[in-house]
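Chemist: One structure is given below, represented as structure tokens, and several questions about it will come after.
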Ligand SMILES: Nc1ncnc2c1ncn2[C@@H]1O[C@H](COP(=O)(O)OP(=O)(O)OP(=O)(O)O)[C@@H](O)[C@H]1O
Ligand SMILES: [Zn+2]
């Protein structure tokens, strides 16, 4: 790695360089902040595009201890932007490699890599999270983001959330129970299309790609579904269309049975004949569908088959070319041969954009369908981006937003962390790349930060559920009419289902790190989420409220009152749960431009 200009040249010793850097940091940050930062321990989750940048930034800011967690190993495709990794590192752990790569300029910072899934409670229990002063998210998926958000709420520590998509990016500082959390606003889910558009009346390339990937590929090579097809799932009232689609699907299931038995020729002929000829003939006969649309024209299989012999096999590797109809047919037949052979030996297959056999099939099938329906066709390169939901990552965007993430963390050490922090995001205005606004207060209806939160500590998993139930009623004042759900949706207790009370947690396969969700069926008290910890040194069950400044367990408000309460900030100042309600906090004024952009931003998923 080359030395960066502002720092002393590498001829100086490690200690000299570190000292010189610390002097510069003290000049920039002031001694007090510098000391606080160098005594802080932080967690960086994700060592990918943003994570590599952020690790470098946090180190150069002089953080005392940085832990880096990532579950993945390095791929060739990471090297263009994850600058801490080199060709020789491919297949190695991202967390370990990133930490090793920054050793040269790590100064006095203590670094600890963790190769593992941050959601794995045995490797990363809540007690492990508690050691950190700040958590930085540099993740690429909602599930892990939501999980870390919950952990930050459980330990009541700031979380600096960041994400980028192409040229867009966002940094959201989250101060639990004081500002919006990651789950306060709904995140956009992937776009879906009506079934009838995909199955009967496609009009865009994406419809044909979705059909080839999610329907045709899965039906032929995916897991067999036990369920009967439900006509209601076809999302159409047209009796003729329903009949055609049911017939189509049943025939496909029959075809699937032949994959293992038939020779390649027989199998391929049957697939092409059925999918691109017979099914289309049947659809074309349903006049109601084509009153305002162009009728599909079945593939002239015989005609195109004759032309296939003249084609060079090299066409398969030309992913930039928009293939002709016969070229698509050629690739379809070739990929069907490859997939049939694999299915015979490996069994069920999954679509993967980086698996050439599956990609070739999806591209050729989508393009042939497009051709039949008079829709433009696309190159394999383009379809790979669409089918793999790929928006190319931009190294500069990652660097910019990682920079903002690290800068936002400075506010944690200021006199007014919430007041000083800013949500930073890309601007939609030509003369501005990024813009900012103050974080908003949490949404009182948020299912993550709008509810009460606690920790159940038990000496062992031999404790009966009944013991926990008893403590819950005693500590929080619930009536007996509560329901207790564990994990995603497993009901383990309610008023009419008391069987489990005499079972131990172990027998109920409830382990350390399980999350209990308790709701009051009488609707009198707030819901509560409890994290289960096993502490063998304890002798009894304890239930702890988590936050110092927390939303108190209180009577649910009626609908109208809840609306008013949106703007209220409630605080509780001591363990005796004395409730002080402030005057409704005024929304901080936002520039109109910011407010508009922010409201749009809140809908996007990054
Ligand atoms: N549950 C998780 N636990 C730990 N690390 C995770 C978890 N989920 C995602 N990550 C890591 O977060 C990082 C996100 O980085 P990035 O968005 O650059 O994705 P990538 O997988 O490296 O690149 P790409 O998806 O573009 O090929 C990845 O290194 C990924 O392994
Ligand atoms: Zn929230």
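Just so you know, the numbers here start at 1 and follow the chain as drawn.
Glycine is treated like the rest: Cβ placed from N, Cα and C.
Computed from a predicted structure; not experimentally measured.
The following feature annotations were taken from TrEMBL:
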type	residues	note
ACT_SITE	196	active site, glycyl thioester intermediate
BINDING	46-51, 70, 78-81, 94, 140-145	ATP binding site
BINDING	181, 184, 446, 449	Zn(2+) binding site
DOMAIN	21-446	domain 'THIF-type NAD/FAD binding fold'
REGION	583-606	region 'Disordered'
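Looking at the shown structure, what environment does each listed feature sit in?
Modeler: The local packing around residue 196 (active site, glycyl thioester intermediate), expressed as other Cβ atoms within 10 Å of its Cβ over all shown chains, amounts to 18.
Using a 10 Å radius centred on the Cβ of residue 143 (ATP binding site) and all shown protein chains, the other Cβ atoms total 9. Residue 143 (ATP binding site) carries a helical DSSP state (H, G or I).
When other Cβ atoms within 10 Å of the Cβ of residue 181 (Zn(2+) binding site) are tallied across all protein chains shown, the result is 26.
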Chemist: Once near-sequence residues are set aside, which residues in the chain of residue 70 (ATP binding site), 6 or more away, have Cβ atoms under 8 Å from its Cβ?
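Modeler: Within the chain, residue 70 (ATP binding site) has Cβ neighbours under 8 Å at 45, 46, 47, 48, 51, 93, 94, 95, 98, 114, 115.
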Chemist: Just counting, how many other CB atoms are there within 10 A of the CB of residue 80 (ATP binding site)?
Modeler: 11
Chemist: Running a distance check here. Ligand 2 versus the binding-site residues 70, 140, 446: which have CB less than 6 Å from one of its atoms?
Modeler: 446
Chemist: Identify all same-chain residues not among 181, 184, 446, 449 whose C-beta atom falls within 8 angstroms of the centroid of the Zn(2+) site's C-beta atoms; report them in sequence order.
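Modeler: Close Cβ neighbours, site residues excluded: 149, 153, 180, 182, 183, 442, 443, 447, 448, 450.
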Chemist: Looking at the recorded positions listed here (49, 140, 196), whose Cα lies nearest to that of residue 184 (Zn(2+) binding site)?
Modeler: 140
Chemist: Anything from the recorded positions 49, 70, 196 with its Cβ under 6 A from ligand 1? List those in sequence order.
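Modeler: 49, 70, in sequence order.
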Chemist: C-alpha of residue 80 (ATP binding site) to C-alpha of residue 181 (Zn(2+) binding site): distance in Å?
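Modeler: That comes out at 32 Å between the alpha carbons.
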